[in-house]
Amino acid sequence: MLKKDMNIADYDPELFKAIQNETLRQEEHIELIASENYTSPRVMEAQGSQLTNKYAEGYPGKRYYGGCEYVDVVETLAIERAKELFGATYANVQPHSGSQANSAVYMALLKPGDTVLGMNLAHGGHLTHGSPVNFSGKLYNIIPYGIDESGKIDYDEMERLAVEHKPKMMIGGFSAYSGIVDWAKMREIADKIGAYLFVDMAHVAGLIAAGVYPNPVPHAHVVTSTTHKTLAGPRGGVILSAADDEDLYKKLNSAVFPGGQGGPLMHVIAGKAVAFKEALEPEFKVYQQQVVNNAKAMVEVFLERGYKIVSGGTSNHLMLVDLIGRDLTGKEADAALGSANITVNKNSVPNDPRSPFVTSGVRIGTPAITRRGFKEAESKELTGWICDILDDASNPAVIERVKGQVLALCARFPVYG
């Protein structure tokens, strides 16, 4: 029999210890992975609710199982809030992840073998934008576009490739690009060749919701996003459109269910509904502006200390530190910073001579530190410590000193105060 007082601590101490250790790690480490964030206790409450028990194949009002009257309310709340947040006329909140949302778009709009123009992974794109190791690169004919010598997206090259190869779909969006994307220009190019414009805004969705980064929804035929990252919601995906095309909406819905998924995760959809409501609050706009301010503050210190930033700066939440020419790989930098309780990720940079498992760069993002309450002063101080380690990565005394400083800073800014 099930009882309300059942808990993990008493039943499964090994698992409980791992959860405790992860909780402590999050409190005592500074999180700078650009795709990570801290979700609110309200989102976690929704994810831990009885909604996890309910199967709900189909869509609100059109389910294959009975007993869905209340989960219909939950999903409808999430849909309507997502539409309001991004100015969309269509939203599907069922994708289990951003990659599955992207997969559904491919399935809805293309046939295997169709030509797709997507951002080169080595220049800041994402696996699902055409990497040879991903379904997108295996099933479709991918033509990659990239950045110019200044580190900015090369729209002239994009247009030339589009006219030459006539892709059926163009993809905008990125996983490691610190600039502003000209969505209107991309739509202009897509219209010139009669292609779909699909934008994956996963990394900047929170900034877009807050109005501090341009919104692709008015320009693209279809937009996808994760619901974590800058949106600070549960791990999951969403598909949006403002195309006012019911046939397109039906294709997208069918591509999610039954095309790629079975039953939706109703407890996660409830978490999405909470996160979308939080993102509609005025304080969310303040938070997102601070995310950008903190990123700019970090770039300022990196440049002062002689470090190269791809594209020379940032206009969003992330930056890519280029270590080419230094006696330090991205992998080594990642490990050295990790020893001081600073979590980043190694990342390839444009024209990287090293393998993706070693790399010549690190990617850094500010959503999580800003969520803790860091402002420009803390961001600059932290960047100075990072540079101290990168300057002398094999010196254990420097790492130990910075670790102590990190622990003190974390104690001042608890994740869940």
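Yeah, the Cβs are placed from backbone N, Cα and C, and that goes for glycine too.
Feature annotation from Swiss-Prot assigns (6S)-5,6,7,8-tetrahydrofolate binding site to Leu121, Gly125, His126, Leu127, Ser355, Pro356, Phe357. With a 10 A radius on its CB, His126 ((6S)-5,6,7,8-tetrahydrofolate binding site) counts 23 other CB atoms from all the protein chains.
The Cβ of Lys229 (N6-(pyridoxal phosphate)lysine) has 27 other Cβ atoms within 10 Å, all protein chains considered. Marked as N6-(pyridoxal phosphate)lysine by Swiss-Prot on the basis of sequence analysis: Lys229.
In the three-state DSSP classification, His228 (site 'Plays an important role in substrate specificity') falls within coil. Sequence-distant neighbours of His228 (site 'Plays an important role in substrate specificity') (same chain, 6+ apart, CB under 8 A from its CB) are Ser35, Glu36, Asn37, Thr39, Pro234, Arg235, Gly236. Taken from Swiss-Prot, the feature site 'Plays an important role in substrate specificity' covers His228, and the record attributes it to sequence analysis.
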* To do: Can you grab the distance from Gly125 ((6S)-5,6,7,8-tetrahydrofolate binding site) over to Lys229 (N6-(pyridoxal phosphate)lysine)? Cα atoms, rounded to a whole Å.
  => 16
* Could you tell me which of these binding-site residues, Leu121, Leu127, has the fewest other Cβ atoms within 10 Å of its Cβ? => Leu127
* Enter the number of other CB atoms within 10 angstroms of the CB of Phe357 ((6S)-5,6,7,8-tetrahydrofolate binding site). => 10
